[in-house]
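A.B. asks: As listed in TrEMBL for this protein:
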DOMAIN    12-359  domain 'Kinesin motor'
BINDING   98, 99, 100, 101, 102, 103, 104, 105  ATP binding site
REGION    933-956  region 'Disordered'
REGION    973-996  region 'Disordered'
Ligand code: ADP
Ligand code: MG
C-alpha cells in the first residue's frame, strides 16, 4: 500500500466509506434504506425512486465499511497501516467527512470515554480511532524497547478561530470569552509549515491517559458550546499526536525519528450547501464554513491540477496544507447514513469523497534529526518563547508573575546588603592583596628554585642518555639483549615519568606566570582605585569643611540677627505693655461707669416696684370692699328666701292636717253606712227564715188537707163503686191510693228539703254578714289608728323641717361673718406686704451704695497692682535680654573656635591623605616588584621515548643473568644526583636502537 516505488508519481489519497447502522429513531419510523454497501467489492450503491425516476448510482472506494462493521474492524483494516507509517517517521492525516449525525465523532473518538479502558488495558469495543491509535503507538514502542516521547495537541476550529481544547481548565473557564477574543494565532514555522502559537502540548505517558485528555477536550468543547452558542456540528476538531523516537546509528550517533498523526473531525458537511444558500447571514455563516468550503476548493484545485491552490484562504487548509497534495499520507473517512431522508447529503458526500480520491500526495519520511540539532531547535524554541514573553511584557509595561516580582524584590534587598558587605570586603581585600604580594614573591622564589631543579634534571637526563648510549654499545658487544630489553622497559617508564614531571613543572611555571601577571593587574587596579578614592575623600572632606564653614557663618549671622530682632521685639513689648496698662485703666473706668449706671437704674426700678406694690394693695382693698357689699346683699336674699320657705312649710303642714281630718270624717261615715247595711242584711235574713218557716207550715197543712180531702172523696167513691166493681175497683182504688200517698210523701219531702235548703242558706248568709261586719270594724279601727300615726308623723316632719331651716339661717349668718373676717385679713396682709417691700427697697439701695464703694476701692488696688506688675515684667525682660545677649556672644565665640578647629582638621587631613598617596606610590612602584625573567629557564621539549614493542623485540636472555651482569657492570653511586630509584636506572644503549 505504501508503494515506495511510486514515490515520484505520488500516492493517491486513500478514501474510505463508512455507512452507519439505522438509528433507533429511523428504525421506529421505518425509514427505507437507500444505501447498500458491498464491503468486499468496495462498492456503495445508492438507489431510490423519486417521482417515478429511478436513481441508481454506484461508487467505488479504497475500502467500504457497512453498517455491520465494528470500530475494531475499521481500525484494523484502515488505520493500523497508517499508524505504522507514522511510527516509521511519516506524517499522516485522517479526515472524517460527512453529514452531521453520520458518525464522524463516533469514528474518530468513539463512545467510550466514561467507561475508560477495560481490564488488563484492553480498549472498550466502542473506542474510536484516536484511543486505538494511541494504544497501538504505545504498544509498538514498548515492544521495541525504544526511547520515545509522545505529545498530543487538541484544538477546535470554529468560525475561523482556534481554541485550545487542552488549555488548563481554570484559565479557560474564567477567561473563556476573553480568550475567545484573542485567539491562538497561526504562524509560519519557517520550514514551509504553520504552527499554532501558544498551543498546549500535552505529553502522554500511557495509553490510558488519552481518555482523560479526550474527556477534557470534549468537556471544554461542551462548555464553550453552551457559553458561546456554538454548535459542534459547525466546528472542526484536530487531534495531533507527535512521536519522537530515539535511534542509534551503527556509528553510535543518536538520531531522533519524528512522526505525526493528525486526526481531523470535520464540521458537518451539510454546512457547505447551507452556507451557499443563506448569503444574507454573511459573516457568521461565511466564517463558519470558510474552512469547509476552502477544503472543497483545495480538493478541486488539486484534482483538476489548477495552478493556484487556495490553501491560504482558511485556517483549516493552512494547518493541514501538507496533508493535501503535500508530503503527508492522507486518508479520508467519509461517513453516510443509510436512511432515505439523508439521501441528498449522502450523494453529495459520496461525490465529494470520490473526487478527493484523485488527490495525489508525495509522502516523504521526516528527516531524522541529530539529537544535538533537536536540542538546538529546543533552545531556539526557548529563545522564541523568551522573546514572546518579552514582547508581552512590553505591551503592558511591566508584566511579570507576582512570585517573581516578590523574588526580585527580595533579591534587590539582598543585593543592597551585598553592596554593604562588599564595602567591608574591600578592606579585607586590601589586606589580602598585601598577603598575595608576599605570596607571589614566595612563589617567584619557588619558581626559580624549580627551574634550577629542572635544569639539573635535564642535565641528568643528558647524562642518562649518554649512559644509555654506552649501555647500548655494551649490549651490542654482549648478547644480553633480553635483560637489556627489560631494563630498557623499566628505563622507558622512568623516562616517561621524568617527562611527565617535566611537563607538569612547565605547567606549574606557566600557572605561576599567569598568577603573577594577574596579581600585577590586581595590584594596578587596586592602586588606581585607592588613589581615586583618596582624591574623592579629600574632595569630600574639603566640601564638608566648606559646608561647615558656611554653616558657622550662618550661625554667626543668625546670632546677630537674633539679637537685633530680640532688641526690637523687647522695645515693642515694652511699648505694648504701657499701652495695655493705659487700656486696662480706661477699661476699669468704663466698668465703674457701667456700675454707676447700673446702680441708678436699679434704684429707679426699686422705686417703681414699691409704688406698684402700694397701688396694687389699694386696688385689692377697693375690690374687696365692693365685693363685700355684694356678698351682704346675697346673704340678705338668702335669709329672706329661707324665711319664706319656713312659712310655706308651716302652711303645707296645716293644710295636710285639715285634709287628713276631712278624710277621717268621711271614713267614719262610710263605716257607719257599712254597719247599717250589714245589719239590714241580717234582718232580711231573719225575715226570710221566718217566711221559710211559715211557708213550710202552710205547705205542710195544705198537704195534710189535700190528704184528708182525697181520703174522704176516695171513701165515698169507693163505697159507691165497691159494689160495682168489687175486685177491679178495689184494686184500682188501692193502687190509686198508693200513688197519691207516694205523691204526698214526695211533696212533703220536697217541702222539708226546701225548708232545709233555705235554712242552710240563711244561716250561711248570716255568718257571712257577721264576718263582713266584724272585718269592716277591724278595718275601720285600723284606719283610725293609721290616721293617727300619719298625723303624728307629719307633725314630727314639720318640726324637723322647721329646725333645719333654722340651722340654714344660722349657717348663712356665720358665713357672712367669716367673709367679713377674711376681707379684713386680706387688707391687713396687703398693708404688711407694702411695708416689707419698702424695707427691702431700702436695704437694696444701701447694698448698692456699699458695692459702689467696694468697686472704687478694687479699682484703685487693681491700678496699683497693674502698675507694679508691668514694672516687674519690664525689669524681667531687661534681665532676660541681658542673659540672651551673653549666650549669643558665647555661641559666636564657640563658632569661631570651631572654625579654627576645622581649619586645623583640614590641614591635618590633606597632609595625611598626601602621605597615604605617597606611601601607596612608593609601595606599588618601588617596593612591589614583578618577576623578571632571567632567560635561563629551559624551553619545553618532547623527547621521543622508545616503544615497548621494540624493546621487547630485543628480549633474548634470561632475566636473572642479565640482571646479574647489569649489576656487575653498574654501581649505584653514580646515580646520586637523580632522585629516581637506582634499581630502575638501566645503563644500556637501547635509545639508539629505538631510534633506528
Ligand atoms: P457526527 O460525527 O456527525 O457528529 P456522531 O458521531 O455524533 O455523528 O454520531 C451520531 C450518532 O450515531 C451517535 O449517537 C452514534 O452513537 C451513532 N453512530 C454513528 N455511527 C455509528 C456506527 N457505525 N455504529 C453505531 N452507532 C453509530
Ligand atoms: Mg460530531
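Positions of Cβ are set from backbone N, Cα and C atoms, glycine also.
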A.B. asks: Could you put numbers on the helix, strand and coil content of the region 'Disordered' (933-956), residue by residue per DSSP?
C.D. replies: 6 helix, 0 strand, 18 coil
A.B. asks: Excluding 98, 99, 100, 101, 102, 103, 104, 105, which residues of the same chain place their Cβ within 8 Å of the centroid of the Cβ atoms of the recorded ATP site?
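C.D. replies: The answer, listed by sequence position, is 20, 96, 106, 268, 335, 337.
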A.B. asks: Taking a cut-off of under 6 Å between Cβ and any atom of ligand 2, tell me which of the binding-site residues 98, 99, 101, 102, 104, 105 pass.
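C.D. replies: Correct list: 104, 105.
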A.B. asks: Would you find the one among the binding-site residues 99, 100, 102, 105 whose Cβ has the most company, meaning other Cβ atoms within 10 Å?
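C.D. replies: The most densely surrounded of these binding-site residues is 102.
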A.B. asks: Reduce the DSSP letter at residue 98 (ATP binding site) to three states and note it down.
C.D. replies: strand
A.B. asks: Go through 98, 101, 103, our binding-site residues, and report the one whose Cβ sees the most other Cβ atoms within 10 Å.
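C.D. replies: Answer returned by the neighbour count: 98.
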A.B. asks: Name, in the order they occur in the sequence, the residues of the same chain whose CB lies under 8 A from the CB of residue 104 (ATP binding site) and which sit 6 or more residues away.
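C.D. replies: Long-range Cβ contacts: 96, 97, 98, 265, 266, 268, 333, 335.
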